[in-house]
Amino acid sequence: MIRSMASQRSQPEVNIPQSSRFTDGIKRSLSSILTKFHAGYFRISLSLGGQALLWKTLIGPTHDKSTLRHLVHKFHPTAFLVLWSFALFILILLSLLYILRCLFYFKMVKAEFLHHVGVNYLFAPWISWLLLLQSAPFATPKTTSYYVLWWFFAVPVVALDVKIYGQWFTKGKKFLSTVANPTSQISVIGNLVGALAAASMGWKESAVCLFSLGMVHYLVLLVTLYQRFSGSDRIPAMLRPVFFLFFAAPSVASLAWESITGAFDTASKMLFFLSLFLFISLVCRPALFRRSMRRFNVAWWAYSFPLTILALASTEYAEEVKGSIAHLLMLLLLALSVLVSLGLTIFTLLNTRMLLPDNDPISTLHHLPTVSP
């Protein structure tokens with residue numbers, strides 16, 4: 001017994017190198033992030049890209065001589081550059097994470113693609129890039145680099161259109177009445193943002209093509225969602241902020257049509273009034289969002305982008321109408337969009353540990369019954 005104890009003492013202890021432990025820890029952390037990460041996190045880049053486009057428009061040349069627009073026009077270009085750079089950094093970071101997810105967890109990406117909610121967020125990265133392209137301080141339309149980047153970001157949107165819109169009336173059990181939900185409007189927004197960028201380059205035919213594609217499907221979606229089929233009921237309470245997408249689509253449409261025609265005409269005003277009506281309808285029903293506001297979630301970012309686009313449309317409306325009521329409306333919507341975006345940024349920084357929860361609504365959606373492709 002004494003000999004055995006001596007032999008045990010004489011055996012050297014196996015020590016795991018500190019560098020190996022550190023590497024294993026990084027791998028586990030990255031694996032945890034990639035499994036919980038999904039395309040829904042691009043809501044953040046959508047919101048920041050929308051803010052960048054809003055402030056580029058506000059500090060740009062204008063025919064509006066009102067005092068309010070003159071004060072807003074004094075927003076320092078350096079501050080705008082910081083905002084755009086921050087939005088670009090966030091979008092690059094999110095894009096890299098999603099590329100890694102595609103490489104190492106492709107089955108999860110495929111599950112998103114096959115799900116009636118997850119597939120709609122696959123439009124969000126490309127919309128974010130198109131927004132940053134239009135708001136870029138150094139890029140100007142009608143240049144070769146701008147053309148190339150537009151094609152690079154717009155083609156995936158059209159490809160997803162062919163997949164989603166085509167299956168609604170040609171394939172299997174994926175009828176629109178069974179899969180439609182508020183997030184389906186992201187696909188419409190993708191077409192309209194692409195049309196907005198195409199019109200800024202002078203490609204009116206491409207802009208009209210994307211605009212017509214988006215608006216036809218928006219009308220079909222709006223009628224379907226108004227009838228309240230099963231799609232809206234399959235959205236968890238935490239995801240109810242996506243109902244704000246109802247007024248985001250007509251807001252983008254009003255801006256896209258203005259870019260195509262060169263004026264905020266009657267059609268643009270009609271779309272703007274529709275978005276304003278839908279916004280008021282949702283704001284008057286705070287109980288709809290009560291459960292989603294109990295605890296911070298990245299789904300809160302769904303509030304910011306629609307408000308920002310509505311504020312942007314209001315600036316174009318105010319410039320066209322040149323009335324005190326129009327400018328007051330612009331001021332209210334502009335202040336609301338900035339406060340919401342700023343508040344969400346602060347909440348996100350203060351709740352970084354809650355950004356990747358185990359019970360994320362999008363993640364739990366993969367456990368719901370999905371429609372076979």
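One is the number of the first residue shown, and numbering goes on along the chain from there.
Backbone N, Cα and C atoms are what each Cβ position is placed from, and that goes for glycine too.
Nobody curates TrEMBL annotations by hand; they come from automatic prediction.
As annotated by TrEMBL, transmembrane segment applies to 40-59, 79-101, 113-132, 144-165, 186-203, 209-226, 238-257, 269-288, 300-318, 324-350.
With a threshold of 8 Å between CB atoms, the same-chain residues lying at least 6 positions outside the transmembrane segment (186-203) that come near it are 120-121, 123-124, 126-127, 130-131, 133-134, 141-142, 146-147, 150, 153-154, 157-158, 160-161, 164-165, 209-211, 213-215, 217-218, 221, 245, 248-249, 252-253, 255-256, 259-260. Within the chain carrying the transmembrane segment (269-288), a Cβ under 8 angstroms from the stretch's Cβ atoms is held by residues 240, 243-244, 246-251, 253-254, 257, 306, 310, 313-314, 317, 320, all 6 or more beyond its ends. With respect to Cβ pairs under 8 Å, the transmembrane segment (238-257) is most closely packed against 300-318, considering the stretches 40-59, 113-132, 144-165, 209-226, 300-318. Through the fold, the transmembrane segment (209-226) approaches residues 154, 158, 161, 165, 176-177, 180-182, 184-185, 187-192, 194-195, 198, 232, 246, 249-250, 253, 256-257, 260 of its own chain, all at least 6 residues removed from its boundaries and within a Cβ separation under 8 Å.
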